[in-house]
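For reference, the structure is listed below as structure tokens.
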Amino acid sequence: MARYIFITGGVVSSLGKGLASAALGALLQARGFSVRLRKLDPYLNVDPGTMSPFEHGEVFVTDDGAETDLDLGHYERFTGVPARQTDSVSSGRIYSTVLEKERRGDYLGKTIQVVPHVTNEIKEFLKIGEDEVDFMLCEIGGTVGDIEGLPFFEAIRQFAHDKKRGQCIFMHLTLLPYLAASGELKTKPTQHSVKELQSIGIAPDILVCRSEHPIPEKEREKIALFCNVRKEAVVAAYDLKSIYEAPLAYHEQGLDQAVLDAFDISPAPAPNLAMWHDVYDRIHNPEGHVKIAIVGKYTQLEDAYKSIAEALTHGGMANRVKVKIEWVDAELFDREDAAPYLEGYHAILVPGGFGERGTEGKIKAAQFAREKKVPYLGICLGMQMAVIEAARNVAGLAKAGSEEFDHEAGGKRFEPVVYHLKEWVQGNHTVARKADDDKGGTMRLGAYTASLKPGSKVADVYGSTTIEERHRHRYEVDTKYRETLESAGLLFSGMSPDGKLPEIVEWQDHPWFIGVQFHPELKSKPFAPHPLFADFVRAAVEMSRLV
Ligand code: GLN
């Protein structure tokens, strides 16, 4: 039966709860325990799939096709445990399940209430898979005191009450602001935040205090006394140069020991942190750098491409170089020459995206990379852009475009080289979609197998001809144009096993130009960089030696 660690936050948002949870997961693994991490989000959307990246940052897709919070990306990157559909839930999902049950008559005529019906549904969610791991880490989104969060706090309180003593602990993240005028760290907001928790029946066992300055012993004692936690359980979280230092930094501050003590696990197995020391070394001692442009639409908000930025960092670690990412807004050169914006980069990446805005710029970026022989990685929309560019400028299909951008003109503006996917095979059954389906959860989502052409660049990069990667898209390159495009030099080097859906394209007379219909970035880890990103950065390093 799993032990539960509930992670909550107070004082302000964006304290790095997700990162603290992920790092703690990694530390427990380093001590030989198995872990699973979960996120409970108080917002009312059923999942973040329909939210704009400006609202929510990236949508992280799991193997089993859930569209989840980007914190699940952190969890996977730190623990390597593939997240599942059942590792992410929102108030919206809980309420919609409760209401479905009510309509079915499952509650036998009872009045439906937040307590117990909504809280029971949350508790059921928490129990899923409780026999599978040693530790279940459950992070509650938002901060204590938020109206939407209350049912979750009530549910975890009850959950711990229902379980045996010592099976659940509460870890609370707060901020110690620094007052420069008096040169002091202030503990009052932390005290208030803990009071707020206590008023809803939760007494934290561990406090993780974010601080820009070292926490003096006196302040630590004060926090312990006023917040009713052991002094050793007041753990400092200082700012880090890289998120991947977090496991070592938290270990140094005693977080994992405090957790094991709170569960009375003694003697505590010694941690093996060799892997994290290697990660640290690769990040802090690069032997050079490369400059890579990400040409996208949401460039003001780096969280929109979180996993891509992380995967590039991992690619850098694989090659012992620092990857300097520069965000280039594709709209800037929708109608202009792209060269002034793209010259000087050692590689160009065009990420996934939705809608027409900025796509002419992205097409120009693909053209620039092809003509100038700059390494190019096109992901999802970035692959579709590369195919449209090839069709227009090399294969002579001047009007090539995507159905995604052609709704109003009724399909007349473009010759649709990329079409709306209506049917595909998932496992043993066929999935069907219509253009007017609901927007939420209806894309081709999750892990699908692709077969790679022996002898192709990607087969070489992956070292295999069968791969499995995660998808999230509605549109697909039309195989009707395969022959035309292949005779122009664009090889369809990866296909779905039934041969119907192009998964990868690559230019044959180019040092490194690959477009993939899936999202490889979602599977990259600092301790296991994704082969495509590792090789893309290697190609960028080669490019940097030429210019
Ligand atoms: N908008 C494109 C599609 O739906 C690409 C999606 C993506 O880049 N994730 O196919």
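Here the Cβ of each residue, glycine as well, is placed from N, Cα and C on the backbone.
Database features (TrEMBL):
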DOMAIN    3-264  domain 'CTP synthase N-terminal'
BINDING   SER13, LYS186, THR187, LYS188, PRO189, THR190, GLN191, LYS222  UTP binding site
BINDING   SER14, LEU15, GLY16, LYS17, GLY18, LEU19, ASP71, LEU240  ATP binding site
DOMAIN    302-538  domain 'Glutamine amidotransferase'
ACT_SITE  CYS380  active site, nucleophile
ACT_SITE  HIS519  active site
ACT_SITE  GLU521  active site
Handout entry: Count of other CB atoms lying within 10 Å of the CB belonging to GLY16 (ATP binding site)
Key = 19
Exercise for the section: Pick the one among the binding-site residues LYS17, LYS186, LYS188 whose Cβ has the fewest other Cβ atoms within 10 Å in this structure. Expected result: LYS188
Problem - Minimum Cα separation from LYS222 (UTP binding site), reported as the residue among recorded positions SER14, LEU15, HIS519 that achieves it - result: LEU15
Completion exercise
Checking the recorded positions SER13, LEU15, LYS188, GLN191, CYS380 against ligand 1, those whose Cβ falls under 6 Å of one of its atoms come out as CYS380
Exercise for the section: Quick one: of THR187, GLN191, which of the binding-site residues has the smallest count of other CB atoms within 10 A? Expected result: GLN191
Handout entry: Cβ packing number for SER13 (UTP binding site), 10 Å threshold
Key = 11
Problem - Site with most surrounding Cβ atoms, counting all protein chains shown within 10 Å, from the binding-site residues GLY18, PRO189 - result: GLY18
Fill in the blank from the handout: Spatial hits near GLY18 (ATP binding site) (Cα distance within 10 Å) out of the recorded positions PRO189, THR190, GLN191, CYS380, HIS519 come to none
Problem - Nearest of the binding-site residues (LYS17, THR190, GLN191) to GLU521 (active site), judged by Cα-Cα distance - result: LYS17
Exercise for the section: Note the mean pLDDT of the domain 'Glutamine amidotransferase' (302-538), expressed as a whole number. Expected result: 93
Problem - Rounded to the nearest Å - Cα separation of HIS519 (active site) and the residue listed as 'active site, nucleophile' - result: 7
Fill in the blank from the handout: LEU15 (ATP binding site) and THR190 (UTP binding site), compared by Cα position, are separated in whole Å by 13
Fill in the blank from the handout: Between the recorded positions LEU15, LEU240, CYS380, the one whose Cβ has the fewest other Cβ atoms within 10 Å is LEU240
Handout entry: Spatial neighbours of THR190 (UTP binding site) that are distant in sequence (at least 6 apart) but have CB under 8 A
Key = GLY10, VAL11, THR174, LEU175, LEU176, LEU207, CYS209, ILE223, CYS227
Problem - Neighbour tally for LYS222 (UTP binding site), based on other Cβ positions within 10 Å of its Cβ - result: 16
Practice task
Would you please pick out, from the recorded positions SER14, GLU521, the one with the fewest other Cβ atoms within 10 Å of its Cβ?
Solution key: SER14
